[in-house]
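Participant: Heads up, here are the entries from TrEMBL:
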DOMAIN    45-113  domain 'Cation-transporting P-type ATPase N-terminal'
TRANSMEM  93-115  transmembrane segment
TRANSMEM  127-146  transmembrane segment
TRANSMEM  284-308  transmembrane segment
TRANSMEM  314-337  transmembrane segment
TRANSMEM  769-789  transmembrane segment
TRANSMEM  795-820  transmembrane segment
TRANSMEM  841-865  transmembrane segment
TRANSMEM  906-925  transmembrane segment
Amino acid sequence: MFAQFGPLNKIKVFPPQLWAPYSPISYYIRQKPDVSDMILKKKKSLLTFPLTLSCPLKGLTNAKAAEYLARDGPNALTPPPTTPEWVKFCRQLFGGFSILLWIGAILCFLAYAIQAATEDEPANDNLYLGIVLSAVVIITGCFSYFQEAKSSKIMESFKNMVPQQALVIREGEKLQINAEEVVGGDLVEVKGGDRIPADLRIISAHGCKFVTGESEPQTRSPDCTHDNPLETRNIAFFSTNCVEGTARGIVVCTGDHTVMGRIATLTSGLETGKTPIAKEIEHFIQIITGVAVFLGVSFFILSIILGYSWLEAVIFLIGIIVANVPEGLLATVTVCLTLTAKRMARKNCLVKNLEAVETLGSTSTICSDKTGTLTQNRMTVAHMWFDNQIHEADTTEDQSGASFDKSSGTWLSLARVASLCNRAVFKAGQDSLPILKRDVAGDASESALLKCIELSCGSVKVMRDKNKKVAEIPFNSTNKYQLSVHETDENTDSHYLLVMKGAPERILDRCSTIMVQGKEQPMDEELKEAFQNAYLELGGLGERVLGFCHLFMPEDKYPKGFAFDTDDINFQTDNLCFVGLMSMIDPPRAAVPDAVGKCRSAGIKVIMVTGDHPITAKAIAKGVGIISEGNETVEDIAARLNIPVSQVNPRDAKACVIHGSDLKDLSQDQMDEVLKNHTEIVFARTSPQQKLIIVEGCQRQGAIVAVTGDGVNDSPALKKADIGVAMGISGSDVSKQAADMILLDDNFASIVTGVEEGRLIFDNLKKSIAYTLTSNIPEITPFLFFILVNIPLPLGTITILCIDLGTDMVPAISLAYEAAESDIMKRQPRNPHRDKLVNERLISIAYGQIGMIQALGGFFSYFVILAENGWLPSLLVGIRLNWDDRSNNDLEDSYGQQWTYEQRKIVEFTCHTAFFVSIVVVQWADVIICKTRRNSVFQQGWVEKETYY
């Protein structure tokens, strides 16, 4: 709730019906961006509402707080809806391919029931087959459920992000209360180390900085600095961290009404579609079902025409449909996905949903967050400017890459200012660790300076001990500088040294001299121009630049023991000596440029989506290869041709950098135009809602979209994308909950491994399915000949089960271990509409070629065995009824020998075995055929070591 503060310091809280429609927070995380400028102005006015305070606020009364708590409810996020465990289990038992096997099992039981009702001694084959099919579904369903449950237990959504306690002021007294009891209008006090209990409007702040999800802490002050509530400095957001300083603020939104709560609502409210592999399996089921039903109905009609009773015709119908069901394929697919998920886990990719394994391989567009994903989420000193030269900082432990003279007087002065005008300190007990791996208490920029100076000049603590701090003014957004005063014995004419750092232009304005080659000299126009050029060059690299200066304070004006007053400043803060610039950047991860290059060669578009400034985002994008060398944006073309940007045709630029404020004004058609015409895209200063718009735009282009990210602000896009990839170390609980996959090492390069594994599992599943389907034809054709030609049954149900659940299972699973072929990361992403898991070519090869060869081999063995026992093929046609007649014990073969029923069955079972062996032998050749798509089998290798693991 927004509060109004009058001269009597009474808090008037607007009722929800007044403030809710104009809440600036709700505007910027709205579902749809079509809101009028008039409403925006009303929202802005609430941000800039004047605070006229003549004495400290006393806060709400306890009675008012209790009233508001009863009215608005606790300050807590509504837990995201969870799927009951029994529903998850049922999905595994009855979803996807399982339903086909259940239908097969039901038909088997139906066939057995018909036989039991019409025959005195019915065969038990259909009963056994129904039981086995049911067992296969239940076992694989349990296996999949436990695997998914094991992978999905990452963290419970949001719980760890909610602060437990909050310090509020009520009736003039400070109270430590449960965060859930905070209400709109409460006066809250926070300090360094605290988490914010609700969305606050800051009314007072002293050196206050907050971590909001990006690498650089954001300053907070009472002043409204931006129209956008997500960027203004007088709003502190629920669940962000205060890293230093103190602040007081009025609670404006609680619980689900906070920015965090709205993002949670967006995330839980998004519907996710089926994964590509789920669609492929559904397509495969449709093909198999169509073939099975077509054959079953066709031969049902033929059976009636041939004179079979309708009961026999129904049994034949059921038998043919069941024979088309590849019983072992469900287990094969499940095991293949599980094995790949485990293999990816060993490579630091945790898969929460087994089907997500293949989705990553289908990805054609990756929308990646910058901070912590492409970069290290660790500010590092990149460059320094002193003695009128830009030097590259050496951040190696052994300082082997130093490019400047460390004995330079100017450098020593710059290092001293960076050490003393710095509140960051190393945490205790880390002396044995390398400097770059030590934890630091302090903000990101000061931590970077501390490590840089510690590496270059030795112990900062020793330097600080020699120069004791006696006064300090923390950085604030008004002054844009930080200064401190230290005792010193380095100058005989001074007891005190003033050091200052801050925005370079502000620091330069306070300086009348500059240090060059260790000596002070007057600041002239030439040196100012050199400063400006260096500042622009470093800023153009996307680096955060700070200026540094100092002053040895004259002993006659500031004698020993002088009382420095930092509130009513009583000492000199101008006519200082400028010593140099230092610039920092959150550096890219070392493996990212190579990973982006591999994505490009694999036909995957990588788009950067970040909340950072466009200049910084563009610099990082160029550094990691998202904007490749030689490709220009419209701004680059305009600068090269020295023409206005408006005169450049956007289609001439392959790369583009789009600001979030511009994205807000784009229509859907304009957005599609941007995504279609530019191959290298960076979106900067984006809001969570805009990330969703970007993902949806890519999906409209037919792309399979993967989104990587680690912050709360990434979670809606992670949920909406075809596959969300969160960071395991730096990622928030929310992002992990929304994602399908988690990179345990926070390394973007791991996503390339994920893409390769995803493509590999698709290839290997295709090989496994092709291998498995070939045995369908030799399993169906004996049954068809049994019906149409009336010969003794060439292959029994038990032997079919031995093939599908026995001899075919291990080779099919072994194909999941096949290594990637040479072109796996060089071909374009598969088109989900054209490149199916099971397509016409695979069906024609599996059924029309290899399947027919197996059937011919089986029938050859069948007829040879019978012929050797006196039953020539010409005699077998039409003999089925006499052959299966239990009362006929004197049936004559081609040579006049009489056979009893038991003797005939022994020969028949021998034929079943021969037919079975024929299929198995041809399947040995088939597994070799299926090993590769393009590579030679000698190039691919005969044996995978992991097959025997």
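Quick reminder: no glycine exception, Cβ is built from N, Cα and C everywhere.
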Participant: When you check the transmembrane segment (284-308) against the transmembrane segment (906-925), do you get at least 3 Cβ pairs under 8 Å, counting only pairs 6 or more apart in sequence?
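Facilitator: The answer is no, given that the two segments have fewer than 3 Cβ pairs within the 8 Å cut-off.
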Participant: Give the one range among 769-789, 795-820, 841-865 whose Cβ atoms make the most pairs under 8 Å with those of the transmembrane segment (127-146).
Facilitator: 795-820
Participant: Which one of these stretches, 314-337, 769-789, 795-820, 841-865, 906-925, has the most C-beta pairs shorter than 8 Å to the transmembrane segment (93-115)?
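Facilitator: Between the stretches 314-337, 769-789, 795-820, 841-865, 906-925, 314-337 has the largest tally.
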Participant: Which one of these stretches, 314-337, 769-789, 841-865, 906-925, has the most C-beta pairs shorter than 8 Å to the transmembrane segment (795-820)?
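Facilitator: Answer, by Cβ pair count: 314-337.
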Participant: Determine whether the transmembrane segment (906-925) and the transmembrane segment (769-789) share at least three Cβ pairs under 8 Å, counting only pairs 6 or more apart in sequence.
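Facilitator: Yes, these stretches are in contact.
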Participant: Residue list, the transmembrane segment (314-337) vs rest of chain: Cβ under 8 Å, 6 or more residues beyond ends.
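Facilitator: Here the qualifying positions are 97-98, 100-101, 104, 107-108, 110-111, 114-115, 126, 129, 132-133, 136-137, 139-140, 143-144, 277, 281, 288, 291-293, 295-297, 299-300, 303, 308, 354-355, 357-358, 761, 764-765, 768-769, 772-773, 775-776, 779-780, 783-784, 787, 800-801, 804-805, 808-809, 812-813, 815-816.
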